[in-house]
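Student: One structure coming up, written as structure tokens, with questions to follow.
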Amino acid sequence: MASSMFLAQRRWFLSLPRNLSNARFFSALPSEHPVSVSGPQNNVGPESNKFEKASSAPSSLKEPELAKWDSEGPFKPLHKMNPTRLAFLRSTLCRHFRKDPLSARPFEGLRFIDVGCGGGILSEPLARMGATVTGIDAIEKNIKIARLHANLDPTTSTIEYCCTTAEKLVEEQRKFDAVIALEVIEHVADAAEFCKSLSALTAHEGATVVSTINRSMRSYATAIVAAEYLLQWLPKGTHQWSSFLTPEELTMILKRAGVDVKEMAGFVYNPLTGRWSLSDDISVNFIAYGTKEK
Amino acid sequence: MNRIFATKAGSNVYRLRIPWRPLSNDAAPLLSSQNAGNPEKESEAKQYDIAIVGGGMVGLALACSLASRPLTRHLNVAIIDSNPALGRKHFIKKEDLPDPRVSTITPATISFFKDIGAWQFVEQHRHAYFDKMQVWDYTGLSYAKYNARDADKEVLGCVVENKVLLSSLLSRVQETDLPKKIYPSRLNSMSILPNSSSSEVDSTLSMTALFTHGRLAKLELEDGNSLYAKLVVGADGGKSRVRELAGFRTTGWNYSQNAIICTVEHDVENHCAWQRFLPSGPLALLPIGDKFSNIVWTMSPKESSEFKSITEDNFLKAVNRALDYGYGPHPTPSILGSSDLFSWLKGGISKSANDCFEIPPKVIKLASERMAFPLSLRHANDYASKRVALIGDAAHTVHPLAGQGVNLGFGDASTLSSVISEGIAVGADIGEVSLLKKYEADRKPANVMMMAVLDGFQKAYSVDFGPLNILRAAAFHGAHHISPLKKSIISYASGETRLPLFA
């Protein structure tokens, strides 16, 4: 029964235009619904109802949810990249907040928000590092999965998960010491508006961290051709190359939103060792850390 | 890769090694009803971050290493070992005769001990640095002398009794403020369940619930205690129970050899390590200090029971004979040409190349009983799986002919503690397979390489065949005279380089 549900989801997915994905695949989670396109938005309704039905039967919830957190399963590339992203976050944020990098829980007392948290793969380690974490995602199913998984460890059960968008939180006038939006901005319709929301959520003297994929020839070859077609790490159509941002563009729109980009780094994958590492090479995946000016 | 492990006979719910499938809702209520019946037992069990099964040299070294790193020094550690010595302080008296169980510590291990703060305790007891080594065989065709100065070092290694190492590590661990508890018992059973999610949103965070969902391992000891841990480290030696319970497969074979070990006394000081390859196995004479030396004599099982039972005098005569003129002549340099033959390969002056062959000091007294034990090679196919990691002899046992065994174990302990520290830095769960596999990926190639080299030596020296003897002699000769080769051999044996010859 579970497997037929799964197959049904796959077929349904292939007939949809991009962006509206099947929440199984993390990187296709938009934290914003595309405002300009009305067609796909309508499709969200029946599809999400289908999800609700699926999630009410506990046995069919198990398989996709466990797949998300199975580090050897379909999300393997993300799990592999996670420690590298966390290393960058730890190093820049410890410096920014002037915390001891040798402490086991350096972010104690700081409020972080993980925008587009998916299953919580970034939120949980941040909570283990002591931060008070809020994770938001536009897809209810992801929030459910994230909550169930986080409840299994006393250090992560304090994470606040909400199914909402950055805009709604801005309206509620929430503020966070660090706003983190990794691999999200390439899926939103209006990057500039999104950055304005991120900036509005950042408290005075806070930090904003955004990561995405560069729009370059190399990234076309790796993130689209290799990752989607050849290696099949991501389903076809997950990313649209034309909506990638170059580092210069990202810096500019963050600046316009009031965030000053201080550091940038790239993630490089070594196919021989199967490991990701931080580097100066920002031609494919890159991450930017900025501070709120005032 | 998620497996279900064997548990005590009383619990019938889980069986050994069935293929993984998601826990259905049926199992959860069954388990909770089982535990509901034993509320007292549940409150007794404690939770630890790491449970080190085996409080021997390598297990305690891991604990010291964790205590010395800023990111791991707050971890809650349980050490499970039934050895009563762990509960006592100062179980070594200065006037004790040296114990025959000794280990040769490489310089890399000495610096590891200094880093974790345990070497200061070793220096308070008997220990012997040596800076010279002579290796030859029974054919008398050649020999090789190594001097630490060839590789610009001061020592080649240090020979220390195992009980001194153990007590030093124990003293160091007691001194640190690592939260720890020693359980003086043996491991009876261990269970680790596959990952699953709770179907209730407001789940309780009791240890039983965490265990049911695969977040903790449950250990049951022979004295009835149970404990939970995020990570179980198997440091319990060649016949590891953790390795057996976790279902790791091993590869290996028994060498048809036993080793006899004992302590002997000379009338002069000995600062050199001597090793002579005899037809049935190598005989090693290692300085322990205070005119004592340790003997490790590898031979066939029949010979070993013979040598163990003959009188002391006859045994000493046999040892002296074996080190001197027995089995074959002394090597003289003229047989394969003088050092001029290799002068073009020398690449620098090797100080010991001009050292003559020396006869080891005579053995005058036996200072301990003779012990014998069988030798084998064993290697676990994997060092890590979910919530379990193996270090030391539990992961690999090697031939003692190059004194490398425990040094590989200390290397494992050092790497595992650094991997755990890196995991904590990025907020990972320390029992995650992906983290533990990093430890395996670092240590396995190095350990396998060393085992291959040692096994190669063991096989090369167990055959008495004319052309092979000459080849071996040529190898000795080359190692003795070609100084870059000698330097790289010394570096590799000292634990500084991970691969021989390719550094």
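Backbone N, Cα and C define each Cβ position, glycine as well.
Just so you know, TrEMBL annotations are computer predictions that nobody has curated.
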Student: Which one of A:Gly109, A:Gly116, A:Gly120 goes with A:Arg85, A:Asp137, A:Leu182 at the S-adenosyl-L-methionine site, as TrEMBL has it?
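Tutor: Only hit among A:Gly109, A:Gly116, A:Gly120 in TrEMBL's S-adenosyl-L-methionine site, alongside A:Arg85, A:Asp137, A:Leu182: A:Gly116.
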Student: What does DSSP say about A:His187 (Mg(2+) binding site): helix, strand or coil?
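Tutor: Reduced to three states, the DSSP call for A:His187 (Mg(2+) binding site) is helix.
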Student: Determine, to the nearest whole angstrom, how far the Cα atom of A:Glu183 (Mg(2+) binding site) is from the Cα atom of A:Asp137 (S-adenosyl-L-methionine binding site).
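Tutor: With the alpha carbons as reference points, the distance is 13 Å.
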Student: Least buried of the binding-site residues A:Asp137, A:Glu186, going by other Cβ atoms within 10 Å?
Tutor: A:Glu186
Student: Count the Cβ atoms, other than its own, that fall within 10 Å of the Cβ of A:Gly116 (S-adenosyl-L-methionine binding site), considering every protein chain shown.
Tutor: 27
Student: Within 10 Å of the Cβ of A:Arg85 (S-adenosyl-L-methionine binding site), how many other Cβ atoms can be counted across all chains shown?
Tutor: 25
Student: Determine, from DSSP, whether A:Arg85 (S-adenosyl-L-methionine binding site) sits in helix, strand or coil.
Tutor: helix
Student: Using the alpha carbons only, what distance in Å do you get between A:Asp137 (S-adenosyl-L-methionine binding site) and A:Glu186 (Mg(2+) binding site) once rounded?
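Tutor: With the alpha carbons as reference points, the distance is 15 Å.
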